[in-house]
Amino acid sequence: MKKYWLVGNWKMHGSLASNATLLNAIRERQPALSPYVDMVLCPAFPYIAQMASLVEGTGIQLGAQNASDHLQGAYTGETSPRMLKELGCGYVIIGHSERRIYQGENDGLMGRKALAAIDAGLIPIICVGETAEERDKSRTHEVLARQLDAAFGYIRTAHDQVIIAYEPIWAIGTGIAATPEIVQTEHAFLRSRVAQRDPSFAARMPIIYGGSVKPGNAASLFSMPDVDGGLIGSAALNAEDFVAIYQSLVKTCESRAD
Ligand code: PEP
């Protein structure tokens with residue numbers, strides 16, 4: 001059976017005590033994971049080592065929220081993807097819209113970061129998505145194509161593994177998720193764009209959706225054929241909600257024949 005992913009982005013939240021409490025609450029509600037749905041938690045940088053020891057042996061995987069586009073060197077304040085790998089991360093979120101907005105990250109930097117992450121042995125979760133204004137002006141596909149093409153200028157489709165996260169900026173943290181129909185349309189567009197470069201890579205490339213996913217809308221979003229999981233922000237900070245979303249994804253994937 002095909003694999004699916006549920007990624008929790010804890011953003012700049014947490015403390016030593018609250019991370020342990022949240023993880024315990026997730027584990028109490030979901031003691032065993034589905035072999036088909038990977039659960040990935042992305043805590044803030046200072047807590048990666050703490051979380052690595054807490055998730056050991058649980059099957060829960062670890063990701064970071066960002067990484068440098070360099071593996072090593074005189075880059076004060078940066079974090080190498082190689083260091084993240086050494087600490088136990090398997091994934092890293094690249095190009096999240098909050099980094100594009102607040103840190104001025106651009107498409108080219110996102111591509112270089114994705115490549116550095118891959119070279120360090122991490123799976124980059126590459127975020128793409130349009131603003132409300134771009135959608136209103138019917139520029140969604142132009143924007144998605146530009147962001148995707150920039151990343152795929154660096155990715156070697158022959159052997160690299162990546163996850164694409166479609167995160168419309170207007171849906172992030174707003175409580176207004178994209179409709180399942182919009183999500184399916186954009187995921188299919190992203191897949192077809194990558195298929196122009198490499199059809200077999202595109203067919204197996206996971207595309208997850210992020211933007212106000214909650215227990216109440218998860219099942220309908222996950223039921224779309226080109227949705228391979230979710231990237232969860234606010235609801236990932238609540239064990240009950242996060243586990244309900246995880247279980248909804250497990251149910252969907254078990255009902256599919258693939
Ligand atoms: C995110 O920040 O990646 C995200 C999806 O946030 P939220 O679930 O809160 O919309």
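A Cβ is built for glycine as well, from the same backbone N, Cα and C atoms used for every other residue.
Annotations in TrEMBL come from automatic prediction, not curation.
As written in TrEMBL, here are the features:
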- N9, W10, K11, G173, S212: substrate binding site (BINDING)
- H96: active site, electrophile (ACT_SITE)
- E167: active site, proton acceptor (ACT_SITE)
Which recorded positions sit within 10 Å of H96 (active site, electrophile) - Cα, from W10, E167, G173, S212: E167
Rounded inter-Cα distance in Å - G173 (substrate binding site), the residue listed as 'active site, proton acceptor': 11
Position of peak Cβ density within 10 Å, selected from the binding-site residues N9, S212: N9
Neighbour-count leader, CB within 10 A, recorded positions: K11, H96: H96
E167 (active site, proton acceptor) versus K11 (substrate binding site) - Cα distance in angstrom: 15
Pairwise Cα distance for the residue listed as 'active site, proton acceptor'/S212 (substrate binding site) [Å, integer]: 10
